[in-house]
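As recorded in TrEMBL, the features of this protein are as follows:
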COILED    280-307  coiled coil
COILED    541-568  coiled coil
DOMAIN    158-202  domain 'PHD-type'
DOMAIN    207-268  domain 'PWWP'
DOMAIN    339-389  domain 'AWS'
DOMAIN    391-508  domain 'SET'
DOMAIN    515-531  domain 'Post-SET'
């Protein structure tokens, strides 16, 4: 830990830091006979591995063999850090390169090579490790971020914009040769030092990458080589951390360079050959060799990716199987006192006490019986959540919907199928995870709302229920039950389900994160998208009637004997969540309290703003189909126009 060198006479700290030291670096002549604990562990003041400042407010990585400490603010700066109920896994357990490439599933798997000086880690092998890193051992390195070179004066920038390929007044990156017109990036010319987005994100050059290198007066195509693969005389040339050898095409020479003189070659690239009337034969040969080698490496990479995709298709992506919800952050699991748990009226002598076809009051009210309270005692059949009485099911691969869940035995209508379990998070953590998922191009979400500030995320941890697909005509449904004082989500059969049938439920926008995702359920009433209400005969029969009514600007009034259904999205902002429903007959609109500028739900019968004129608040007769704007007879003239969407009326707020 002190001199960064290996050796045979190393003594290990048996405290929390897991560090090792040379005896001479500690000033010891003999190996300590008793348990050795370093000064930091004795004092309880560890140094933050990120900012290098000591203190008692640092927290240890939850991985038992890690021993790295961080300030919470420091570790949260890294997208590769993973926060769990017991703490956090530090960035050294996730590949930085895979994270930058948005390959989030691969990032935390496999053997890691870790930087000795900072929270950076890579998968072992040339595919991920940043060029210019210095190996101290097979699993420890000093990454290229620790170059002794002054980056603010080392970059040699190109004379053209990387976006439009033209010259002019350019904004130059301080760490690599990239140059841009500020207007091409839609930014003002910044003052002081500036780094491009790739450098800010930590994107590094890697071995076996084709690049352009500035040497002397020329930009020349070359391949970045692993130092171990170049001739010994080249390995012996003077170089520092951050420097890496390149093999020049055409001339077949080697040279040590750094990131400030190199930028990636792209397919068909002839950046520095354009406009030249006579191209040097060696340079022309270099362009041909670079293009050929680029295609070879591309074919190797695609072949490797195809093999990995084929291998991954044999089993589902990894997740941790858990039996009950795991709390993350501030969320708490409620536990009721025995005196508060309702007692049903079933008897032990009943044929099926508290069973599916019984008249158990608790079952009717979606309360699970408690074994110490229920009169039926051990014969009680309303303890499916607690006893985890799930019918046997298996994970299957579907045609167009990824992985699914199939029952192995027949299931009766109303029978308990499974509990939806995962990490129990609050709304703030939920939004943070969705944002992180979008940044990493993750498209599969497993988040399901329990209450406004309690969301189950079955992505990283869950049970077989996480594999159940959406269907517009499902055979299961979600129900919120109270179990020992806490609200839990169960999946129950909507109909008799034969053995071998896939289990599905309607996500119904109760599941967060899907956005507008195409639906492939194959049901006759399929809506086409997740979260959109399935088609019904009622909607089809009235489609033409509604269209004509809107075009004539008549008051919308559709009589139906069906139960009034409300929309799943807020009519103001278009998002789902906790909504307030309009009580006016035949009005399907719903709103967020915030969108109504309310702090509490309105008391009594409530009509939404869509039914009052925007100008005078009198009853409206003309309605915008895309927002709550509406107008009375006196103010409707010119306020609405027919839109291109089937002639539906819209106000001036819409194009």
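Using the three backbone atoms N, Cα and C, a Cβ is placed for every residue, glycine included.
No curator has checked TrEMBL annotations; they are predicted automatically.
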The domain 'PWWP' (207-268): DSSP-derived helix, strand, coil residue counts: 10 helix, 27 strand, 25 coil
Local confidence of the domain 'AWS' (339-389) - pLDDT mean: 92
Same-chain residue ranges lying at least 6 outside the coiled coil (280-307) that approach it to Cβ under 8 Å: 208-210, 218, 220-223, 248-251, 265, 267-270, 273
